[in-house]
């Protein structure tokens, strides 16, 4: 497992902690108890990552090797920044020679070597600003974007799939040949047009669900490996159907 890019709090906490009732609603108390007793939350604190999401990327990379050799990385929906932390480390990015560009409409504390844009990725100016910020051609586009949930599963799925589609078209527009694209999606079916587009442009398209993604969560990740290049992609037939792991 890849080590933390920065030092972290080594104190840790014991699992099985309870939250006092106080004024919290039962549902809020259960969520808080699950959060503070989550082993991935505790590992993130111990290893210096900003969120447990770091381990989702690390687990996917452990099997699919998407970080190795990446010279420049773009991180969409970056806040609070755990994926950007990993990206900065694997690319040896520094403030003097930044090789990671990140974007989110939420605030994010600075990370050495990461150029951060506080901007909605759906803003028409966002793609060009990211291209300027990265200062070269990225080998990897990451997207952990998800629309705010409404509680209505189909609505949440459609809204997050829209973000995934926009991210995928952006990746095809900016990636270096041989590059990879990883994006969050929700279980419930991936739109055929999106899958067909990815199959035309990448050598392999699969769905993955890392162990650190909570079992009850509908979250999955769509991984497209081996970008064929823009000219070649326009003339080739689609690759095999996307597989689920």
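For all residues, glycine too, the Cβ spot is worked out from N, Cα and C.
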- line: Given that Swiss-Prot records 81, 83, 104, 120 as binding S-adenosyl-L-methionine, the matching residue among 61, 139, 144 is 144
Field: Mapped DSSP class for residue 83 (S-adenosyl-L-methionine binding site), helix or strand or coil
entry: helix
Message: Distance check, please: Cα of residue 120 (S-adenosyl-L-methionine binding site) against Cα of residue 184 (active site, proton acceptor), rounded to an integer number of angstrom.
response: 17
